[in-house]
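Feature annotations, courtesy of Swiss-Prot:
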type: BINDING; residues: Cys49, Cys52, Cys57, Cys73; note: [4Fe-4S] cluster 1 binding site
type: BINDING; residues: Cys115, Cys118, Cys121, Cys155; note: [4Fe-4S] cluster 2 binding site
type: BINDING; residues: Cys125, Cys145, Cys148, Cys151; note: [4Fe-4S] cluster 3 binding site
type: DOMAIN; residues: 32-90; note: domain '4Fe-4S'
type: DOMAIN; residues: 106-135; note: domain '4Fe-4S ferredoxin-type 1'
type: DOMAIN; residues: 136-165; note: domain '4Fe-4S ferredoxin-type 2'
type: REGION; residues: 1-26; note: region 'Hydrophobic'
Amino acid sequence: MLTFWLAVATLSALALVAGAVLGFAARRFQVKTDPVAERIDALLPQSQCAQCGYPGCRPYAEAVAGGAPINKCVPGGEAVMLKIAAQLSVDPQPMDGEASSRPESRVAWIDEGNCIGCTKCIQACPVDAIVGATRAVHTVVSDLCTGCDLCVAPCPTNCIEMRPLAITPTSWKWDLRTIPITVIQQEQHV
């Protein structure tokens, strides 16, 4: 019985020392982050698509906090740019040429007859929208795909292409400014 309590005491002391060392290390080597970059990063869509010219959303947020243009986020579009402008109290900028000229709703499509199951597209996809296994046919989950094109280049058989998103009631972009509205005045009944 003495051996049992000795083992418990030894493990408890070891856990206490390890906890103290880890607590000290966490405070001593703490990485300080920019709170402005944190707020901007929270506004970005987190697709990590690199269409802005930065390797991901966090580096772009840090660059914007440092003064980079706020109009480079293609997946977020004008809505994200306006939120960033409001957050930083700066004037909104027109969308970048590449961001505005690109079709808004595109998804990757895999020709399953030519897919060899190499998994290079799965490794390139930043949002895990491609499913499949090694030497098996892959397919794209269109609800998750952001249309970033990063899966197209690594494909050795060129079986991936970007196609327009099929228009459904949930994906339709309603432009309420083009709907004619007629104001009907009701007659007063006494």
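Each residue, glycine too, has its Cβ placed from N, Cα and C.
Minimal Cβ crowding within 10 Å, among the binding-site residues Cys49, Cys57, Cys121, is found at Cys49. Remark: of the binding-site residues Cys125, Cys155, the most isolated position is Cys155 (fewest other Cβ atoms within 10 Å of its Cβ). Cα-Cα distances to Cys121 ([4Fe-4S] cluster 2 binding site) place none of the binding-site residues Cys49, Cys52, Cys57, Cys73, Cys145 within 10 Å. Taking each of the binding-site residues Cys52, Cys73, Cys145 in turn and counting other Cβ atoms within 10 Å of its Cβ gives the largest count for Cys73.
Per-residue confidence over the domain '4Fe-4S ferredoxin-type 2' (136-165) averages 89 (mean pLDDT, predicted model). Closest to Cys151 ([4Fe-4S] cluster 3 binding site) in space, going by CA atoms and restricting to the binding-site residues Cys49, Cys52, Cys57, Cys73, Cys115, is Cys49. Contacts of Cys148 ([4Fe-4S] cluster 3 binding site) defined by a Cβ separation under 8 A and a same-chain sequence distance of 6+ are given as Ser47, Cys49, Ala50, Gln51, Val74, Pro75, Pro126, Val127, in order along the sequence. Put simply, Cys125 is the one of the binding-site residues Cys52, Cys57, Cys73, Cys125, Cys145 whose Cα lies nearest to the Cα of Cys155 ([4Fe-4S] cluster 2 binding site).
Rounded to a whole number, the distance between the Cα atoms of Cys145 ([4Fe-4S] cluster 3 binding site) and Cys57 ([4Fe-4S] cluster 1 binding site) is 16 Å.
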